[in-house]
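**Student:** Below are the structure tokens for one structure; questions will follow.
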Amino acid sequence: MTSRKKVLLKVIILGDSGVGKTSLMNQYVNKKFSNQYKATIGADFLTKEVMVDDRLVTMQIWDTAGQERFQSLGVAFYRGADCCVLVFDVTAPNTFKTLDSWRDEFLIQASPRDPENFPFVVLGNKIDLENRQVATKRAQAWCYSKNNIPYFETSAKEAINVEQAFQTIARNALKQETEVELYNEFPEPIKLDKNDRAKASAESCSC
């Protein structure tokens, strides 16, 4: 029986400062939540081994700073991503409005092979708070307009839907990784034009 190689899935979490990106990651990986807010500087990541459809994979979850001055770090952190998680705060409408720019920024920086079908997942966080400002239907409509992105409403504090959301993230990331592997195993043939063939023929001539 041949053993499958270990799979590393790179997941990027994006969104404005204070929406709960770090808290969601810590709740999922460490089952912990802290009320003390500490802004992420640059980027940080945690890893977690999970089973996805009977396959053991390692998720490398990158938590990036939401401040604009750190967006220039993007290329190094975004490249090679298998899934991108967009997070907004349901009590802060402005964090929802910026999802478009975060999505566009990721696609520019990461340059995925198939941007139209690259897997995103959207999390509407902080549903444990009472002063909700962004309606579920509004968020669902936005996700539907962007190639039907999966949408979850979460609470990092109360651990609501966090596990379920990351299961979907892992499954979609694994699907993306598998498609990239297949693409790399069967690259498109290189087509030579007449000049290239003539040049190759001349170089191989022994006379």
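For all residues, glycine too, the Cβ spot is worked out from N, Cα and C.
I grabbed these lines from Swiss-Prot:
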MOD_RES   Thr2  N-acetylthreonine
BINDING   17-23, 34-35, Tyr37, Thr40, Gly66, 125-126, Asp128, 156-157  GTP binding site
BINDING   Thr22, Thr40, Asp63  Mg(2+) binding site
MOTIF     28-41  motif 'Switch 1'
MOTIF     67-82  motif 'Switch 2'
MOD_RES   Ser72  phosphoserine
CROSSLNK  Lys191  ubiquitin cross-link
CROSSLNK  Lys194  ubiquitin cross-link
LIPID     Cys205  S-geranylgeranyl cysteine
LIPID     Cys207  S-geranylgeranyl cysteine
MOD_RES   Cys207  cysteine methyl ester
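Context for these features, please: burial, neighbours, distances.
**Tutor:** Following the DSSP three-state reduction, the secondary structure of Asn125 (GTP binding site) is strand. Neighbour list (Asn125 (GTP binding site), Cβ cut-off 8 Å, at least 6 residues apart, same chain): Val19, Gly20, Ser23, Leu24, Val87, Phe88, Asp89, Val90, Glu153, Thr154, Ser155, Ala156.
The DSSP secondary structure for Thr22 (Mg(2+) binding site) is helix.
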**Student:** For Ser17 (GTP binding site), what is the secondary structure by DSSP, using just helix, strand and coil?
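**Tutor:** In three-state terms, Ser17 (GTP binding site) counts as coil.
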